[in-house]
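Read through the structure below, which is laid out as structure tokens, and then see the notes.
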Amino acid sequence: GRLLACLLLPGLAATDFTATVLHTNDVHGRFEQITASGTRCTKQAAEAQQCVGGIARQKTVVSQAAASGANVLFLNAGDYYQGSIWYYVLGAPIVAEAVNYLAHDAMALGNHEFDRGAEGLVPLLTESRVPIVGCNVDFSEEPTLKPLQPKPSVVVERAGIKIGLIGYTTMNTTYLSSPGKVRFTDEAECIQREAQRLRREEGVQVIIAVGHSGVPRDLEICERVPEVSLVVGGHTHTFLYSGPTENGRVSGDKPQGPYPIVVDRAADSRCLVVQDFYMGKYMGNISITWNQRGEVVRWSGQPVLLDRSIPEDPDGIALLDRYRDRVAQSQASVVAESKVLLDGDKNRCRLDECNLGNLVMDAFLKKMASLPSPQASWTRVAAVIANAGGIRASIDEQSTGGRITFEDVVNVLPFGNTLVEMNVTGAQLKGLLEHGVHRHDVKGYVPPAELVLAAGLRVVYDIQREPYDRVVEAHILCTECRVPRYEPLEYARQYRIAALSYIVHGGDNFDFSFVKPKDMYDTGFQDAEIVMKYMNSTSPITTALDGRVTFLKTNQASDACLNLASPFLVLLVLVVFYHL
């Protein structure tokens, strides 16, 4: 076996080799510093040195590591697009300028890089000087991108050792974003194929995969591809950390696993998986030693909190200053005031009711009620629905002095989705609610993004039941009534609803194929604009939790099952019929 390894790895060093891998993922447009909770860094917070992150601090960490004499690699695992006023106003060109300034050794494409279609990716691919890699991304059927096909990998050299950096992007991009005719193939298959080619044809000794598919998929890559010794991942915003904590947290963040996750394989082979949370708050930092066979023998390191102890690089500040006036025209306008924290934390909004989700959905329902409605109806639709993954940030009333700005709202809703009207039956609506909780698992690495946020609906779930049979009870607002009230959802009855365009078009794997396109009406009303107007008209904001979503505990679930009786049997029959 050792002889075969030497034949596979020509030019292998006679001694162990050590390199420091710095990495980020899911920066989501946070080019300048933010608060520890991810909200905008106000002037007061900046003066008090309470803010973290930003590309200028990233650059300082990379420069300091290189100056120490270490063999440094700096990688990014995708999703620079979306999530901030900077991207909202400036788009892809600011991303290209930022990555050129940071000078990653390689970066992968995330699913959000495709949010503005094929055309939205062109500026990054044409203006970036950073190698963008993707072995499972096929542009051949997409005319706009065909000439810009990324290479599957790039080879860099450190201390005479050749290192292969192979990129990949989640196959789910097809329904998570708007990639047009771009195809995404199996990550592990293409990584193994490229790894074997790199060793055979280019004499590469160390193989690192960098990409955007999430921790569960990254673990699978480690298990299926023995050539890979390190996977630098993204997509799931997972905070891996093994250092000291205060009350189980680091800067307010609860670690979701060790850093790195170690996958032990046969014959003393192991593979490491790392991820760096999201929004550029930390810099992933791992030092790895490989032996003569290109296998990991030891490692050390932790994500570095990019706080005030790390100075901001002047060139990074100067880069942002060139665009600050353009951004500021939209950035600072005050929309409303809030008396409460508007909680958009993904570990709450994707797992349970959250008050920011309630506010957004109430704004949508109010907008629809303001439009002309059928005779005898007080509103145009009975309910509105969206996916919890569309809530991208909180609004912290303490750090902002209670003022909500245009920037704050764009940080929450950066995607520019619209509301789409349609008629659905109660059974079809229940099917959408079931899809929202079919992967619900509070213990998982990945809080699923598809939990249904709603206004005009009150839903009770029992997660102990089998997927697609978890809706215990649902009530919906009456529309042909002078005093709005919640009534039991009737599965055979037709209802008029509005849904966010993202899920209507298949986002988060929602299926609206039961509605013909000609029977859908896209209102054209954009989510962030609706919410800003609603906030302005209802200021000061005091949105609370109101019980519109309930997850039963085990004893409650038993009682609920006893009380459902014949309506429950009807529900079962309709669900079976719907899924045939």
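Including glycine, each Cβ sits where the backbone N, Cα and C put it.
What Swiss-Prot lists as signal peptide is 1-14. Residues annotated as Zn(2+) 1 binding site in Swiss-Prot, with similarity to another entry given as evidence: Asp26, His28, Asp79. Residues or ranges marked as disulfide bond by Swiss-Prot on the basis of similarity to another entry: Cys41-Cys51, Cys349-Cys354, Cys478-Cys481. Under the heading Zn(2+) 2 binding site, Swiss-Prot lists Asp79, Asn111, His212, His235. Summarising the annotation, Swiss-Prot assigns site 'Transition state stabilizer' to His112, Asp115 and lists similarity to another entry as the type of evidence. What Swiss-Prot lists as N-linked glycosylation site is Asn172, Asn285, Asn423, Asn536. Among the features that Swiss-Prot reports, substrate binding site is placed at Arg350, Asn387, Arg392, Phe415, Tyr502, Ile503, Val504, His505, Gly506, Gly507, Asp508, with the record citing similarity to another entry. Taken from Swiss-Prot, the feature GPI-anchor amidated asparagine covers Asn555, and the record attributes it to sequence analysis.
Ranking the binding-site residues Asp79, His212, Asp508 by Cα distance from Cys481 (disulfide bond) puts Asp508 first. Comment: substrate site residues Arg350, Asn387, Arg392, Phe415, Tyr502, Ile503, Val504, His505, Gly506, Gly507, Asp508; largest CA to CA distance 20 Å, whole number.
Counting other Cβ atoms within 10 Å of each Cβ, the lowest count among the disulfide-bonded residues Cys349, Cys478, Cys481 belongs to Cys481. A distance of 22 Å separates the Cα atom of His212 (Zn(2+) 2 binding site) from that of Cys349 (disulfide bond). Under a cutoff of 8 A between CB atoms, and with a sequence separation of 6+ in the same chain, the neighbours of Asp79 (Zn(2+) 1 binding site) are Asn25, Asp26, Val27, His28, Gly110, Asn111, His112, Glu113, His212, Gly234, His235, Tyr278. When the recorded positions Cys51, Cys354, Asn423, Cys478 are ranked by how far their Cα is from the Cα of Arg392 (substrate binding site), Cys354 comes first.
According to its DSSP assignment, Asp115 (site 'Transition state stabilizer') is coil. For the pair Asp508 (substrate binding site) and Cys51 (disulfide bond), the Cα-Cα distance reads 32 Å. For the pair Tyr502 (substrate binding site) and Asp115 (site 'Transition state stabilizer'), the Cα-Cα distance reads 10 Å. Once Cβ contacts within 10 Å are tallied over all protein chains shown, the binding-site residues His28, His235, Arg392 are led by His235.
The Cα of Gly506 (substrate binding site) lies closest to that of Asn172, out of the recorded positions Cys41, Asn172, Asn285, Cys478. Within the set of glycosylation sites (Asn172, Asn285, Asn423), the lowest number of other Cβ atoms found within 10 Å of a Cβ is recorded at Asn423. There are 27 other CB atoms within 10 A of the CB of Asp26 (Zn(2+) 1 binding site), with all protein chains counted. In three-state terms derived from DSSP, Asp79 (Zn(2+) 1 binding site) belongs to neither a helical nor a strand segment and is classed as coil.
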